[in-house]
Structures are given as C-alpha cells and as structure tokens.
Amino acid sequence: MSSGGLLLLLGLLTLWAELTPVSSQDRPKKPGLCPPRPQKPPCVRECKNDWICPGEQKCCRYGCIYECRDPIFVK
C-alpha cells in the first residue's frame, strides 16, 4: 500500500474512532451523581522481593500493596 493510501486509511480510522455511537446520542443521562470515591489505602511498595525484607520476613503482595510480613508455615 502506498504512503498516500496509508494516510487516507489512518485519517478514516481517526474520524471513525471519534464518532459518537448513534444509540447513545438520544439517551438522557441517568439521575443522580456518583458517590465519593471509597477510601482505600494508597498503593505502597515497601519491598520488591523477599531479600529486601529483614530477617525471615517475605515480600507479600496484597492487591497493589507490597509489604514485608512474617511468613506462615503450612504443615
């Protein structure tokens, strides 16, 4: 494909991506407002691997939080 054809295709794709779907144009907004964002602890990365943690502690992941914790042992 020539560079002119690629530019034309890119332009058409850009226009298509910016069009609002017809189905959402005639729908009214739902009533009410969104509630405040729930309070969550900030994402903290105390460690990156077990070797950064002191002593026997391991680097444990809980969602986006990484922290050094004492290990548990399962029998």
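From the backbone N, Cα and C atoms, a Cβ is placed for every residue, glycine too.
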Cysteine from Cys64, Cys68 that Swiss-Prot links to Cys43 by a disulfide bond: Cys64
Cys68: disulphide-bonded cysteine as recorded in Swiss-Prot, out of Cys34, Cys53: Cys53
Rounded Cα separation (Å) that holds between Cys64 (disulfide bond) and Cys34 (disulfide bond): 24
Candidates Cys43, Cys47, Cys60, Cys64, Cys68: member of the disulfide-bonded residues with the richest Cβ shell (10 Å): Cys47
Residue among disulfide-bonded residues Cys34, Cys53, Cys59 with least C-beta crowding, 10 angstrom cut-off: Cys34
